[in-house]
Amino acid sequence: EFALMVNDFEILKSYLDEGANGIESDITFSDEGEPEYTFHGVPCDCRRWCDRSVGIGEYLQHLSDLTTPGNPKFRENLLVVVLDLKLNGLSQDALRQGGLRLADKLAAHYWTGNRKARAYFIISVPKTSESEFMRTFRKELDEINFGDMSAKIGFDFTDNGDFKETQKVYEGLGISEHIWASDGITNCIPLLLRGTDRLEDLTRQRDEPGYKYIDKVYAWTYDKETSVVKALELGVDGVMTNYADFVIKVLNKPEHSSKYRLATYDDNPFEKFTA
């Protein structure tokens, strides 16, 4: 599960204390494409404080401490970090610069030379038209000799678009693994209105033998038991929520615990699950 809008240290500690094994953080950029802060702003999900923020370098360093075995701050349950990139309005040049600079920031502040920090990252881009960000991000990792860290990186587009079109974009980027697909809407709108047709399509596509362009499917934002149970029934790999402890309680109910559990570090977030 992913705790949503984890944009400062206080809320990060709170969610980890609740038992979350994944977090989603919002990353803002300057007009030139420089990664600057964790910040969502208004509007955001209902019943949430939208203005939490911390500098990107400081945030990545803190995540590094939390996910490095042997560090006094190490939190064993934190496995996956979704970086929800706020790229709206950036030019293609700025997108290219943004991908390059985010790779640099991860190398400088998260892996910091020793590469012992063990979290996986999902680079979550809003629109397929912003795919240049992914291209330069991957290229820069190679050029700064952090290409081996690609094993810890996955990708996701969050525009709820036609996945056949999304597949073409991935093909153009040369990406055919470590792909997460998502479907969702703000918690202010009931799941009943959103429906689950697209989510069902994604899980069906994921499970097609030999299909390479979806490894995992997650749903957002699921804050009610009926929604979480529906997601489990559809076979999703993860849910984003504002209430991590609540989702864990649902998972631990006898009717679910025999079939589902929270992922641990022994599970690979880029491998398809087979029952």
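Backbone N, Cα and C define each Cβ position, glycine as well.
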Same-site Mg(2+) binder from Asp8, Asp65, Asp84, Asp93, given that Swiss-Prot records Glu24, Asp26: Asp84
DSSP three-state assignment (helix, strand or coil) for Asp26 (Mg(2+) binding site): strand
Cβ-Cβ distance under 8 Å to Glu24 (Mg(2+) binding site), same chain, at least six residues away: Phe2, Ala3, Leu4, Met5, Val6, Val81, Val82, Asp84, Ser124, Met240
Other C-beta atoms that fall within 10 angstroms of the C-beta of Cys50 (disulfide bond): 15
Integer Å distance between the CA atoms belonging to Cys50 (disulfide bond) and Asp26 (Mg(2+) binding site): 11
